[in-house]
């Protein structure tokens, strides 16, 4: 890391684009889960993964990338590691609190807050890391140690409460390892040949994951087995390399993903408030067919995109915008003919299997 100083700019648009892609995939997957009549995924990748499953490593990888740049900025302004730790403790504590409002159990935001805070304290506590220029093998060694802990823990039977944190949908040490991988790779973003290096590394990781899958290794998100981690991190690096490519950055799609990525926390939290809450309390959860669920998810993305665009241009206050979106949503529900779209099923089956408060 020491031999590759970062460019003076503190924000790389490709990180925002990667985060935007991840959060949009999560939102789209949630919409289908909430609306569909069964607990089975409508869109399945490689027979075992949902759209939300492949988005999760991207989300945490982007968080690690962003943390590196954020720490650099903070250290330029004030090199006191104690002050930096205090500021991130408060900031990530707020993120954890926001996560609780979305999910009362262990969820995506709580996991991110804990792992990022752990990484900050590790980085800022060791004296040689105050300038983010550790010994050459520090972060690879930290990554290896974290992964070893993850595989050691997940290979043993755990109490259900412990299992949820260390071996469930959001396994703590697996997420920390993804953060570390992103944090370490962020130091390479300024390299002129980063795109080629990223694609080469991504090909190796994705290929390794698929080889393990072909040889009957477990290939699911829950518990984050090796095949899934290799595939997921590889996919995140692949998209990062593609988004780093200058011609790609001139595309309208890239600008759209960047816009969404800059406001990712707002997108994630408010898609629950604007869509999940009305669906849940009106009893519409799990009442739509597969086609109608996809249409509903697409409508969610359109509505949220408009909302983010308005926030970007500061044309509408947050509260006025929420009133407008909610009013439009209720108006839509009052006019559609739900029986023509629905395939009713027992409420308990849907709620017990959807993981609606914890998935992604």
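Note that Cβ sites are derived from N, Cα and C of the backbone, with glycine treated the same way.
Now, the feature entries from TrEMBL:
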DOMAIN    11-271  domain 'Heparan-alpha-glucosaminide N-acetyltransferase catalytic'
TRANSMEM  12-32  transmembrane segment
TRANSMEM  44-71  transmembrane segment
TRANSMEM  92-117  transmembrane segment
TRANSMEM  170-187  transmembrane segment
TRANSMEM  193-212  transmembrane segment
TRANSMEM  224-246  transmembrane segment
TRANSMEM  266-296  transmembrane segment
TRANSMEM  316-333  transmembrane segment
REGION    341-360  region 'Disordered'
COMPBIAS  350-360  compositional bias 'Polar residues'
Within the domain 'Heparan-alpha-glucosaminide N-acetyltransferase catalytic' (11-271) only, compute the mean pLDDT. 89
For the transmembrane segment (170-187), sequence-distant contacts whose Cβ falls under 8 Å of one of its Cβ atoms, 6 or more beyond its ends: 1, 4, 6, 15, 56-57, 60-69, 106-108, 110-112, 114-116, 118-119, 123, 132, 139-140, 142-143, 146-147, 149-150, 153-154, 198, 223-224, 229, 232-233, 236-237, 240, 358
